[in-house]
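Chemist: To start, I am sharing the structure in question, which I have written as structure tokens.
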Amino acid sequence: MLELAARSRNIFKPGQGKTPALLVLMLVALFSVTQSNFLSTGNISNVAIQSSYLIIFALAQTYVMIVRGFDLSIGSTVSLISVASSMAMSHALGLGFSPAMAISSGVITGIAIGLVVGLINGVFVAVFRLNPFIVTLATMNICLGLASSISNGFQIFNLPDGLNATFYQGSILGIPVPVVAAFVLVGLIHVVLTQMKIGRSSYILGANPQAAFVAGIPVTSYLLLAYALCSALAACGAILLTARTGSGEPNLGGNLMLESIAAAVVGGASLRGGSGSAFTPVFGAVFITILSNGMNLSRIDGYIQQMILGAIIICTAFGEYKGRGS
Amino acid sequence: MNTNIIQGSPPTVRPGAFRISYRAIALPAILVATLLALALLEPRFLNQLNLLNLSRNISFLTIVGLGQMLVMLLGGLDLSVGVVVAISSVTAASMMNHAVIWWPGNDAFAIAVACLSAMGVAAMIGLLNGLFIVKGRASAFIVTLGMFSVVGGVAYYVTAGIPIYGLPASFTNTLGRGMLFGLPCSVHFALFLVAAILIVQQRTRIGRYLYAVGGNAHAANLSGIPVNRTIISAYVACSFLAGLAGLLITARIGAGQANLGSEYMLHSIAVCVIAGVSLRGGVGRVERVFLSAILLTIFANAMNLVRIDSKLQTIVFGIVLLGAAMMDRSKQSGGGNA
């Protein structure tokens, strides 16, 4: 019944079901005709690596959107984690730990901060029943302030050598680590959403919270876990991004709030909750990455790209409330 | 965001008598306490320059906050107010510099043309927001988030991120630095708008429409209220007010800038939350929005005076927002989480 509800909505909402995949194909066709080097091996692997970061953040955003929430704090959480885990790593190196130990301390710090931010969001949204907009707007500011004050606004260098080599340049079976990570996380969330009780009840929880409560679903704890999971996923992405830049950046997540929401809604998640799957953010993120890659190759101004992204976000919103009320 | 507009969810509970008295006392009390503490502990607070500056900042925030309140009353939200401030500033400044050359020796006319075009651009953005939300049946959050990206991109694109200087002195000296009855120009604008919106809300049909549509759009529709037109007008008014604030800020700093007003998106929403305007629509009062704009600005000023680092101020701001939302929690009638 849950699947039925989710599927029937796919027909009505543009940008869901097969549409994102079609959009991606159309973009690929457009850019491969207009830009000769778009289909070069180098560019394809570049797009694959680029989009894997956005896939992770869009996946996090989609998960909270399924339970009818969203996370505005995702970008500044990424900045905070980048700075804090870098400080942990360089501090551990300074204490004489081995690079591997330093990296694991950074990863643990990052995931722990992600969980804490997510739990704070979750407690206010699920337990105190505050509007997720206000809560995540507040935590966005708090994380932003923390990220810039603990780093004094400076980048953090002296990271262990192995970080970049492992998490950015490394590969498993010839596939770059960020791509593997995105695959693994998408697979994990897919299993959670389709096989586990918490994931399957998320849909009814988002589509109709009252019904979920009446049906005996532990609404509060599932909501809480959704926000914790969202920020934990963001933490994984943040560590991968930090490994790519090779330094802790206090403004690493600058555009991520907008981009992750864009990728999630282009993929087919809805602010109304109850729709989306683990694969929808993949399409959304790949679409946005290919779009920006193609526009970069075509030398389109960055500000014009920003306008186009905004226009796409507006287009996805059309018809969201079709067939309901007034 | 505006789910309750479109879906016609159960009416939001109106503030009952005990709630009115609680909030009516709480805000002024906190304000008076803050003022007293500052006056006693911080001698620089009562400095004339500081007070003038404070009054200007209060008026800018009040004007944008009033606009935000109008859309929030309808259960909507406008994330694009900050970039409307910027685009209004950029439009006014570049038009002014051109118009002064087109009509030499007629500065007043050139300034008027520039101001009108800036306000026109602002109102048009509001119209687009309203049309997309009503006709496209889209959520206010997504539409205005997209508009935020589009308009911000335009503002930066046309200026290439470089401030536009060289505005006519007659513009900056009157609207920016001018004083009337011992108060800056912008304060008069803000006071006039507070009074005007107060009268519109309490004495006119449009004012009652706002609360009716925000409270229960479905019932309002059935009672023959032009729901769509009310929603579109509110978004136009919101952008118009943000555009006006953009003009006043431009006159004050003497330059058109694409990064102007970026804080107003957050601050205007915070002002409304502190004032008890419900994100579900139907609840909110003009005078409290004014009071909380004063409170928030004074709070920021106090943190500057005691030299709290601006990075820490962001953190404090987030905590205040959460605290205000927690205080408001008792008003929410349980149930949904969005």
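For all residues, glycine too, the Cβ spot is worked out from N, Cα and C.
Heads up, here are the entries from TrEMBL:
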| type | residues | note |
| --- | --- | --- |
| TRANSMEM | A:21-41 | transmembrane segment |
| TRANSMEM | A:47-66 | transmembrane segment |
| TRANSMEM | A:78-97 | transmembrane segment |
| TRANSMEM | A:103-126 | transmembrane segment |
| TRANSMEM | A:133-151 | transmembrane segment |
| TRANSMEM | A:171-193 | transmembrane segment |
| TRANSMEM | A:213-240 | transmembrane segment |
| TRANSMEM | A:278-297 | transmembrane segment |
Chemist: How about long-range neighbours of the transmembrane segment (A:78-97): same chain, 6 or more residues beyond its ends, C-beta under 8 Å?
Modeler: 57, 103, 105-107, 109-110, 113-114, 117, 143-144, 146-148, 150-151, 156-160, 163, 234-235, 237-239, 241-242, 247-254, 256
Chemist: Which range wins on Cβ pairs under 8 Å with the transmembrane segment (A:278-297): A:47-66, A:133-151, A:171-193, A:213-240?
Modeler: A:47-66
Chemist: Quick check: do the transmembrane segment (A:133-151) and the transmembrane segment (A:103-126) share at least 3 Cβ pairs under 8 Å, counting only pairs 6+ apart in sequence?
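Modeler: Per Cβ check, the transmembrane segment (A:133-151) touches the transmembrane segment (A:103-126).
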Chemist: Name the range, of those listed as A:21-41, A:47-66, A:103-126, that has the largest tally of Cβ pairs under 8 Å with the transmembrane segment (A:171-193).
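Modeler: Most contacts with the transmembrane segment (A:171-193): A:47-66.
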